[in-house]
Amino acid sequence: MEIAKIIGREILDSRGNPTVEVDVHLACGIIGRAAVPSGASTGENEAIELRDQDKARYCGKGVLKAVKNVNEVIDPALCGMSVLEQTAIDRKLIELDGTKTKSNLGANAMLGVSLAVAKAAAAYLDIPLYRYIGGSNTYVLPVPMMNIINGGSHSDAPIAFQEFMIRPVGACCFREGLRMGAEVFHALKKVLHDRGLSTAVGDEGGFAPALNGTEDAIESILKAVEAAGYVPGKDITIAMDCASSEFFKDGIYDYTKFEGEKGKKRSIDEQVAYLTELVGKYPIDSIEDGMSENDWEGWKKLTVALGDKVQLVGDDLFVTNVEFLRRGIAEKCGNSILIKVNQIGTLTETLNAIEMAHRHGFTSVTSHRSGETEDTTIADIAVATNSGQIKTGSLSRTDRMAKYNQLLRIEEELGPCAVYGYKKV
């Protein structure tokens, strides 16, 4: 079970940008492999991914420095350690880096190693990754939050909000939920096509048409839900990722950044009122980053207004970090945390954030990034932690479907023990 060799390499993600892949070799011959995702809209408090900044290679986005850190710094430090000591290994990685933001080794280097170690350990014990991470009390299949219309930084569509998602909450199992989502996705394609709108897809596999703002996006989705034969609000609900940090400046939520002259400029109170209006008008049950990461007062106001009605998910606000989550719990900001493994940089710290959230009555949503790979680790993490919810894109692009297909396999493996669902706020 000893780690014999750790090898890092540069591969490409779903956007054609370099990322880190790591192989952890055990003395017995077993190998664990993990690839690291990357985000487009990032919270300013996220752990730092190390990029080469060499404009002559990959427009400065190469990761050879991070790979070198894996091969020349991390490998000699971890060789000989037991692969089953995940917490000790992650602690060693944090000590080796020595910075709060993981800017020395790079969060991409550290995460690749951390996840590959877990995969090698699961393979050594001959058990599924979700079982290794979560133990015997692992049985909840997540409700998929499917990003079928992309806006904001994830597309060229003139919509400020970044993601419009469907949640098949009325399904009896994950398999049926996935089918419902796929049928709505195809119905939406026809709705857009019939309007003469583009059906090209964005980074996360959702459509990126030139719609007339937020309400048009939501109403197009509702039309597709009904066309697919489902009841909005009963079978399928709507979730949004506003990514408000992307257009918040000097106390103003400036929609013109993405929507041009037709966009509005809203004060903090007006932003809260607008989101409250949308929730009253449409079957929305989850809002992510409705307020900016730097607008803690706005978050408090939004939680007072909507916290007992919908799930208010902190992504940029919490960045999968117990320090920021602790503040959010104390100040009553939000009621849910988005979990992105590369925001914090190790598996142990990720699990600590999920545990803290659940302990204080928060829900958690396991999430991909806009720059993904064929790696399916987050599917196993979602089941391992019984989070009951996963964000991993739309119903297109293999980098997204890989996670959904892994969840189908896990549900089949769990058999009658599998439960589909999430904790309602």
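Cβ atoms here come from the backbone N, Cα and C positions, even for glycine.
What Swiss-Prot lists as (2R)-2-phosphoglycerate binding site is Gln162, Lys340, Arg369, Ser370, Lys391. Note on Ser370 ((2R)-2-phosphoglycerate binding site): other Cβ atoms within 10 Å of its Cβ, all shown chains, come to 24.
According to Swiss-Prot, the feature active site, proton donor maps to Glu204. Look at Glu204 (active site, proton donor): DSSP puts it in coil. Using a 10 Å Cβ-Cβ cutoff, Glu204 (active site, proton donor) registers 30 neighbours.
The Mg(2+) binding site annotation in Swiss-Prot covers Asp241, Glu288, Asp315 and is backed by sequence analysis. Asp315 (Mg(2+) binding site): 30 other CB atoms within 10 A of its CB, across all protein chains.
Counting only residues at least six positions away in the same chain, the Cβ atoms of Pro37, Gly39, Asp315, Val319, Thr320, Ser367, His368, Arg369 sit under 8 Å from the Cβ of Lys340 ((2R)-2-phosphoglycerate binding site). Per Swiss-Prot, the feature active site, proton acceptor maps to Lys340; the stated evidence is sequence analysis.
Comparing Gln162 ((2R)-2-phosphoglycerate binding site) with Asp241 (Mg(2+) binding site), their Cα atoms are 6 Å apart once rounded. When the Cα of Glu288 (Mg(2+) binding site) is compared against those of the recorded positions Glu204, Ser370, Lys391, the shortest separation belongs to Lys391.
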